[in-house]
Amino acid sequence: MSWRPQYRSSKFRNVYGKAASREHCFDGVPITKNVHDNHFCAVNARFLAIVTESAGGGSFLVIPLEQTGRIEPNYPKVCGHQGNVLDIKWNPFIENIIASCSEDTSVRIWEIPEGGLKRNMTEAVLELYGHSRRVGLVEWHPTTNNILFSAGYDYKVLIWNLDIGEPVKMIDCHTDVILCMSFNTDGSLLATTCKDKKLRVVEPRSGRVLQEANCKNHRVNRVVFLGSTKRLLTTGVSRWNTRQIALWDQEDLSMPLIEEEIDGLSGLLFPFYDADTHMLYLAGKGDGNIRYYEIGSEKPYLSYLMEFRSPAPQKGLGVMPKHGLDVSACEVFRFYKLITLKGLIEPISMIVPRRSETYQEDIYPMTPGTEPALTPDEWLSGMNRDPILMSLKEGYKRTSKIVFKAPVREKKSVVVNGIDLLENVPPRTENELLRMFFRQQDEIRRLKDELAQKDVRIRQLQLELKNLRNSPKNN
């Protein structure tokens, strides 16, 4: 009997990517040239935010989604940070609140006015100081309002209660820089990847490490929880320096369930998971293509579907929340692709081809909405609750009733777990010491050059004075 490949029926096997026409893109955007491994882009149903190139500090643009086309060079910016902005994230429950973190060691909360910015915004509604080094990542809690996580280069993750504007918990289990954070569906677990080549599953309120994987063969860079399947997916590099992905059981990280090599390119692989369609998207930094797969509950777990190809390389990708999609076009996912070379932000829609124009309930199940399931005090007391779900059938046009109220407080020492975070600076890494050494050597060379130039000038003046004294006029 001849071998035949097993036929697998799937409603998503013909999903295709469709790039927006030029008039529906955002053109003339000075996208940041920072090499930090983040997306530098955040999007929700109302606004698109992009970190920009700027001198003398960090800034980002906030553009209303309907304002497509060319962006003016003097378009107003959010520019209150003193250092480069490294990450930005929209509040999932209040659409005009955005968090940013920066090399200036601060996390800031900004309130964007209705209709977007009319002038440069320099004053944040809340400034959060607790890290002793630059802050590389921020993440909002998926089910609780006003709980924000930040990860810094001091190897700490701080949990901020924005109702009081203070850090309330500290996760201090990492021994190197934290590369990525991801929550499970109800926010009761936090998965992190770290530069120490370890994957961790942490209980965030206690800071206790529940599971830990020492990834020597698969050097992890990014991690994402696969919805409520109790599985994790990581992207990384194999021992032969090829890009690969690995699937893990969150309750047993001793060995990955599967490892699959993707290609031999060097750009970082960003994973995106859609829990409603069980689809996984892989986009490489510097690549032009986006691969997509379907995740199953049984072996082989991962089924390749197709690939969206484009000649323009992407620096980062923003992802539209579900309630911002166009359900009439059977759109199941939307990326906002940053093309640095062209200064262009290009929307890419992933579409399920259907002939009927009616609402397709099978591809749009109930999905997490914009109402929080818990208050900060409830979550901090130990409660867990699944997200409040909503239907996309009638189109989601309601505005959030929640209003952000910044607490009034004075700057002071930040004490968490009995430790003053601003005073307790961790030892410097070898790379930081080397950078300091080279900077000091450059400064010493500069001072020596200045002294040598002054010596030459003194000798010249002495010679001129001697010549004046010996001139015939003076005789």
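Glycine too: its Cβ is placed from the backbone N, Cα and C atoms.
TrEMBL does not curate its annotations; it predicts them automatically.
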Range annotated as coiled coil in TrEMBL, from 192-219, 360-387, 444-471: 444-471
Local confidence of the prediction over the domain 'DUF1899' (5-69), expressed as mean pLDDT: 87
Residues in the repeat 'WD' (78-120) grouped by DSSP into helix, strand and remaining coil: 0 helix, 22 strand, 21 coil
Helix, strand and coil residues within the domain 'DUF1899' (5-69) as assigned by DSSP: 3 helix, 24 strand, 38 coil
Counts by DSSP class (helix H/G/I, strand E/B, coil) across the repeat 'WD' (171-212): 0 helix, 23 strand, 19 coil
